[in-house]
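See below for the structure under consideration.
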Amino acid sequence: PGHAFRRVTLTKPTFCHYCTDFIWGLAGYQCEVCNFMSHEKCLKNVKIPCSCIAPSLVRVPVAHCFGPPGHYKRKFCTVCRKSLESPAFRCEVCELHVHTDCILFACSDCRQCHQDGHLDHDTYHHHWREGNLSSNARCEFCKKTCGSSEVLSGMRCEWCGILAHAACYVIVTPECTFGRLRNMILPPNCVQLFSRNFSKLHCFRISENLQTETDEDDDVDGSTQGSTKDIQISTDSSKQTLKIFDGNDAVKRNQFRLISVPRIAKNEEVVEAALRAYYINDDQQEYELQTFTQQVLLSDDVINRNDAAEDSNLGSVFRESVPEAWIIRAKPKDKEVIRIYPAWLKVGMAYVSLRVNKDSTVQTVIKEVLPLLGRQMECLQNFKLVEVLMGSKQVQRMVLDNQELILNRLKDIRKTSIRQMNQTRFYIVENSKSIVQVNLFVGGLPPQLSPEEYTNILKEELAIKTNVVSVSHVYQAQGAVVLQISCFSEAERIYMLVKDTVVNDKPLYAVVIPAVMASKIPPNCCPLLVFVNPKSGGLKGRDLLYSFRKLLNPHQVFELTNGGPLPGFHTFSKVPSFRVLVCGGDGTVGWVLGALEEIRHKLVCSEPSVAILPLGTGNDLGRVLRWGAGYSGEDPYSILVSVDEADDVLMDRWTILLDAEEPAEGAENGIAEPEPPKIVQMNNYCGLGIDAELSLDFHHAREEEPGKFNSRFHNKGVYVKVGLQKISHTRNLHKDIKLQVDQHEVELPSIEGLIFINIPSWGSGADLWGSESDNRFEKPRIDDGLLEVVGVTGVVHMGQVQGGFRSGIRIAQGSYFRVTLLKPIPVQVDGEPWIQAPGQIIISAAGPKVHMLKKSKQKQKKTGS
């Protein structure tokens with residue numbers, strides 16, 4: 001389909017892109033446009049279309065979402081099929097990888113993750129992407145391997161993950177049911193997002209600074225960067241290298257492609273080579289080359305130098321003084337056939353072909369097309385013709401004027417760029433009142449104000465136009481609002497302005513959020529809301545973000561550095577049933593559970609179960625719930641399957657009230673107000689004394705040099721070093737604090753640290769309480785409404801507990817605690833340390849127990865997609 005195969009002599013080991021086997025002998029067949037390589041015997045079976053016709057096969061044009069360029073090993077470019085050695089782009093939403101200079105030739109064939117008012121389908125087809133599979137990938141149908149590390153081969157559906165050979169995928173039924181993860185995926189037809197000019201990175205809330213690995217020039221798009229990589233400037237004296245521009249746009253941007261042709265090439269050969277360089281496989285008779293002079297852009301008349309050249313030089317275009325730069329132009333036509341696509345088709349992809357001549361206007365085209373689509377009875381005024389440019393980074397739509405001559409329009413597009421002509425389509429669209437509604441989540445505002453006060457702040461700081469902007473939700477405790485905006489340009493203006501706005505010394509932030517249409521979610525679907533902290537656990541969070549966006553709908557994956565957990569919970573607030581996966585350390589889990597507690601009353605599903613993917617250093621909660629000691633690169637797909645099969649368990653949460661009686665140190669003139677009481681939530685444990693002191697020293701070390709703390713091993717080494725410095729401590733914490741459990745005074749032994757534990761794992765997996773039975777206390781559980789109180793005598797004792805040689809000193813078990821501090825003492829709650837001034841600490845059970853997900857013990861059931 002679309003290929004231009006030519007027999008070539010092989011000079012290095014080569015593999016067939018169809019069957020992935022080695023090509024023996026010296027001859028193979030290569031497509032001159034997209035470099036597809038094939039055995040002679042495989043030629044008749046090739047089903048993979050050439051890059052030059054890829055735009056014509058797009059079902060719904062959806063632009064890709066490219067981050068900054070990076071280095072991707074053992075991946076192949078989707079456009080030219082060669083390996084990616086230099087920095088290249090990858091789409092953050094689908095598996096498209098592409099060279100920096102091929103990006104212009106990729107078309108908008110990304111996954112459709114939401115409805116945006118254009119071509120909205122309720123049935124989903126497989127979204128096939130070729131290649132870049134692991135070399136042990138197996139075909140779903142013939143069970144043989146279909147991946148390859150040598151060439152771009154094998155097909156994968158980017159929704160359900162089904163794998164197939166190029167030969168086998170054509171027999172698959174087109175409809176996709178989302179595979180094994182179907183109950184966890186947020187169905188794309190339930191998500192609505194009107195985005196127009198928001199970049200795809202904004203729509204999917206992907207922070208642009210996360211992936212930057214190489215500082216490339218902004219204009220990396222498709223200029224000359226990599227286009228020289230295939231064609232070194234020819235040293236062979238019989239060849240010459242030419243610069244080819246494909247239209248006025250390329251000239252303005254100085255984006256050319258290089259071609260190498262024999263010095264005595266015929267005109268047709270050069271035109272053909274130029275078209276192939278731009279991935280166009282049209283008849284070269286319809287094009288001509290024009291010398292490149294600066295006047296080209298000023299004068300529109302086509303300089304026709306073909307005839308003159310051919311007469312005087314017997315078919316050889318190039319004389320001695322050859323201009324090195326040429327522009328390829330389409331010859332003007334008096335009539336041609338155009339394709340018109342009906343925009344209202346809910347399934348499939350069809351078009352009607354129509355002959356147009358120099359008198360055809362947009363209106364006559366609409367008039368001729370309607371009968372062909374069976375809508376001749378309808379009024380012409382109800383329809384419009386829309387020109388759609390399906391670029392890889394943006395889909396641009398333009399409604400054509402009814403009186404415009406269609407051939408002039410085509411001529412203009414080709415003059416701008418013949419590549420763009422190849423990516424342009426015409427749709428006939430019904431006129432309907434288009435609804436515009438952009439939802440912006442704005443955070444960082446002062447907490448506890450009324451909706452009117454928030455509106456006034458936004459009027460003052462952002463000059464919002466209240467006729468098109470309304471506040472639809474207010475989160476007073478968190479100082480956040482959701483704006484509903486019915487005008488694109490106003491939404492874009494507010495979004496850009498918020499980034500530079502500071503209120504009460506706090507910067508504001510804005511997040512574009514989709515609307516989830518809860519009524520359309522299938523009854524058995526329980527979508528997974530994923531929160532990832534990209535800073536946790538040696539920066540593995542970035543790779544997980546990328547993997548989860550690929551495996552699920554990117555609209556259900558939230559980066560916690562981009563506005564925290566609230567935008568995610570707000571997006572899911574109407575979803576009748578959902579689960580949560582938190583990827584991060586214990587601190588991140590506590591942050592998400594705290595946010596859930598605050599917003600629970602506004603959620604339709606007020607008690608979602610929470611699973612953990614441990615990325616931090618300690619990960620005690622992750623250990624207790626069987627999610628492991630820390631993520632070490634397991635397959636993200638199998639993690640999602642485990643979450644789907646996990647068991648629901650309950651867990652106690654505790655509220656700690658810290659009431660300092662003395663003023664904070666450093667008060668002026670010695671007269672100062674005492675600190676207001678502070679309330680913190682606790683999930684795992686709370687430590688006073690030596691345990692908190694080590695944590696505090698580690699914290700300070702990390703704040704001084706954050707760059708060094710990107711591996712768990714290094715982090716633990718620092719803990720040990722800090723501990724060794726404290727070995728000679730004296731044991732007198734028991735003299736500085738008093739403990740009351742359930743209204744009874746408890747006498748403390750001689751200890752250096754006092755720890756309250758909710759879960760049977762402390763300090764990266766140590767069992768502080770110990771396993772031996774004791775008739776004074778009940779066996780600890782995470783949902784028994786009781787906390788265990790344990791003492792340690794110092795760093796050496798803590799080391800012995802960590803090593804599993806000893807356990808702590810059991811002191812008490814209860815549900816209500818009062819600790820009196822007689823002097824400032826280090827305190828830590830779930831790994832967050834600080835120095836607490838003298839006063840009272842009260843620990844009591846917090847609200848309802850929270851639903852957690854515990855990884856089930858049984859071996860995963862083998863379930864096919």
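Our numbering is plain: 1 for the first residue shown, then up by one each step along the chain.
Backbone N, Cα and C define each Cβ position, glycine as well.
Noted in TrEMBL for the protein shown:
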type	residues	note
DOMAIN	2-50	domain 'Phorbol-ester/DAG-type'
DOMAIN	63-110	domain 'Phorbol-ester/DAG-type'
DOMAIN	125-176	domain 'Phorbol-ester/DAG-type'
DOMAIN	334-433	domain 'Ras-associating'
DOMAIN	523-660	domain 'DAGKc'
Stretch-averaged pLDDT - the domain 'Ras-associating' (334-433): 88
Residues of the domain 'Ras-associating' (334-433) by DSSP state, where helix covers H, G and I: 30 helix, 37 strand, 33 coil
Tally of residues which DSSP labels helix, strand or coil - the domain 'Phorbol-ester/DAG-type' (63-110): 3 helix, 13 strand, 32 coil
Within the domain 'Phorbol-ester/DAG-type' (125-176), residues counted as helix, strand or coil by DSSP: 3 helix, 12 strand, 37 coil
Secondary structure content of the domain 'Phorbol-ester/DAG-type' (2-50), with strand meaning DSSP E or B: 3 helix, 14 strand, 32 coil
